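Colleague: Please see the structure below; I have some questions.
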Amino acid sequence: MGDGIIRHNRKCRDLVFLVIFIAFWVAMIVNSSFGFNQGNPVRLTYGLDYKGNVCGNKHANPDLRELEVRYWLNPNQVYQSGLKSSHFSLADAKSICLMECPIPSEDGLNFICDYPEGDIRLSVDDWIDRDYDYFEFLTPEMRNSSLQLQGPCYPIIFPSVNVYWSCQFIARPSNISLRHWQQMGGVTIEENILIDKTIHRAINSPSAVLKRYVADIGKAWPVLIVCGGILPLFLSVIWLLMIRHFVAGMTWITVILFNALIISVTMFYYTKAGWIGHDAISVVIDESDPYVNISGREINHIRAVAVLMTVVMIITFLSSIAIVRRILIATSVLKVAAKVIGEVQALIVFPILPYSILAIFYMFWFSAALHLFSSGEIIRNDCNANCCSYDLKSNRVNCDSCCGYSIHYTPHIGISILFHLFGCYWATQFIIACSSTVIAGSVASYYWARGEISEIPFLPVFSSMKRLLCYSLGSVALGSLVVSIVEWFRFILESLRRRLKLADTAPVSCMGKMMSSSSQCCLGCIDWTINSVNRNAYIMIAITGKGFCKASAIATGLIMNNILRIGKVNVIGDVILFLGKLCVSLFCALFAFLMLDTHKYKSAHNRISSPLFPVLVCWALGYIVAALFFAVVEMSIDTIILSFCQDAEEHQGTAQCAPPLLMETLDGEGETQRLTQGS
């Protein structure tokens, strides 16, 4: 009976979509190779000097391997770039790369001089040892040019601090240095607060913040490996083993642990937001004046997430109270999966295979993503500005090439990034779908063989894998593509809604808010429905070998005929499994917080701008890994129930192939009677 149901009339299905998926992968490789060829992740962290070199680049001319901090030489150019009526931008203000941000002298006037070249016979190392000051070696012509703020040397009038590898001026000039400058006959230097605000505005622009967030992923890769890969693998296997041997207490443990973890993660966000303790994130890289208070967008984002987590925490606590009386139902449902896992024990270790494939894919994908995000072209700006600076190579003041350099991103780079993001989602859905189909096929073999191991094909997991690879990869590709398209459609609509909200300054009416909320709710329901239909379609693909559309129709028919009966058995179980996945992912997020809170990620080159992005990525990776392993339980329950419904439908309401272990569990809750009731 089992062989007839599982193996009959199978043939390759939905081949067109398998070809599309293969073509998509070829395009992913080509797209990623463009990023590897053109990108340089260092650009995401460090700025450009006036020659177009990336600070910290050892291949630049001169060698900038230890000079990682960008410093703007001419404070008047910084002030001019901040004027609304000015056509001069901060990117065109002359900047060089230093080891650390300079501060004014306490008893005189210090200078910062341009890179040594031409008649200045100093090596870069000697220039650094002299604190970038060779004013005493200048010719009278060079000194006069410097007093006009045209270089090659510029006075240090304003203190500055290292804010994300750029020197943020503090509009609090040194009176002693300024007096010495004036006594030397230097031109007037603007002391307006605009000098401070202009650099602050550039450092905290949305594009600069996004670059820092992406760079944080590259710096925190050990955290991603531990908290996004190894830790969720360990926790998921432990959870499956506990389901197998300690199913009676797992529902209570899951609910209590979930509440404890979400409270802990929320408290960590409160700490980093500065609302608890004194460990708020700081925008300043090195130690600075404690009386200088510089804020950034990162702290605002942390506080917004802290508020969101507070709301989620309250809802979670209230929901946990509401489902306490239903937990016993969940326990009886999980017993079904525990019995199946006990009989088909290979299911516990099988998810390691898709996990390994996903791990390799994500290492490739993250590396390519970092290069794609940094693959803009460094070109000279077209500034049309009236500015002059001393050129040491030609030994004269040059007024022709004072425009700076910027990283320009062409539209095709944006399209490449979006394609890369879509590719990640589709590939993830495809691998999860393949894993779910193999599990469903293994459990279906157990069911249709009447629960007798002797009648199950040798190693049912490998038999199910063989059927998937030989016949159903196209169907799985189609199902994962449908989910991906729906998710991206939601993403695009949400992006458009946000842009329209920002562009429209008029207040939104109550009707408009209601329509917006309703549309989001409808899209969320559609997404949930499609995910549910897909999951059941994969089960019917594994059982019947039909194509995706036909399997979806069969699964939907079974669900519609038994909607209330299936819901009573399965809904609470799904809730507990969802909480279990969140437990794993929240524990990964909590451990990521602890790792990122160490000295390694708070100082020097590995300093991250904010723990927000790495923690969210660890949370997402932890959830994906948990979904792979928890699918063993989830798909076991769904496959048993759907097989039971199909069996009962084919035999006039009486299931013929249900194994005794399943019948005992369902009889214990009185569900057999409800499932086999006729229409």
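Along the chain as shown, the residues are counted starting at 1.
Even glycines carry a Cβ here, placed using N, Cα and C.
Remember, TrEMBL labels are computer predictions, not curated facts.
TrEMBL lists 15-36, 220-243, 250-270, 302-324, 344-365, 426-448, 468-489, 571-593, 613-633 with the feature transmembrane segment.
Structural setting of the listed features?
Modeller: Away from its own ends, the transmembrane segment (220-243) comes close to residues 250, 253, 334, 337-338, 341, 348, 351-352, 355, 359, 366, 580, 583-585, 587-589, 591-592, 595-596, 601, 608, 614, 617-618, 620-622, 625-626, 628-630, 632-633 of its chain (Cβ-Cβ under 8 Å, at least six residues beyond either end).
Cβ atoms under 8 Å from those of the transmembrane segment (302-324) belong to residues 255, 258-259, 262-263, 265-266, 269-270, 272-273, 275, 281, 572, 575, 610-612 of the same chain, restricted to positions at least 6 beyond its ends.
Within the chain carrying the transmembrane segment (426-448), a Cβ under 8 angstroms from the stretch's Cβ atoms is held by residues 1-2, 5-6, 21, 24-25, 28, 340, 343-344, 346-347, 350-351, 353-354, 357-358, 361, 365, 456-457, 460-461, 463-465, 467-468, 472-473, 476-477, 479-481, 483-484, 534-535, 538-539, 541-543, 624, 627-628, 631-632, 635-636, 638-640, 643-644, 647, 657-659, 662, all 6 or more beyond its ends.
Long-range contacts of the transmembrane segment (468-489) within the same chain, counting only residues at least 6 positions beyond its ends with a Cβ under 8 Å from a Cβ of the stretch, are 10-18, 20-21, 422, 425-426, 429-430, 432-434, 437-438, 441, 523, 526-527, 530-531, 534, 537-538, 541-542, 545-549, 551.
Nonlocal intrachain contacts for the transmembrane segment (571-593), taken as residues 6+ away from its ends with a CB within less than 8 angstroms of a stretch CB, comprise 223, 226-228, 231-232, 235-236, 239, 250-251, 254-255, 257-258, 261-262, 264-265, 268, 272, 323, 326-327, 329-330, 333-334, 611, 614-616, 618-623, 625-627, 630, 633-634, 637.
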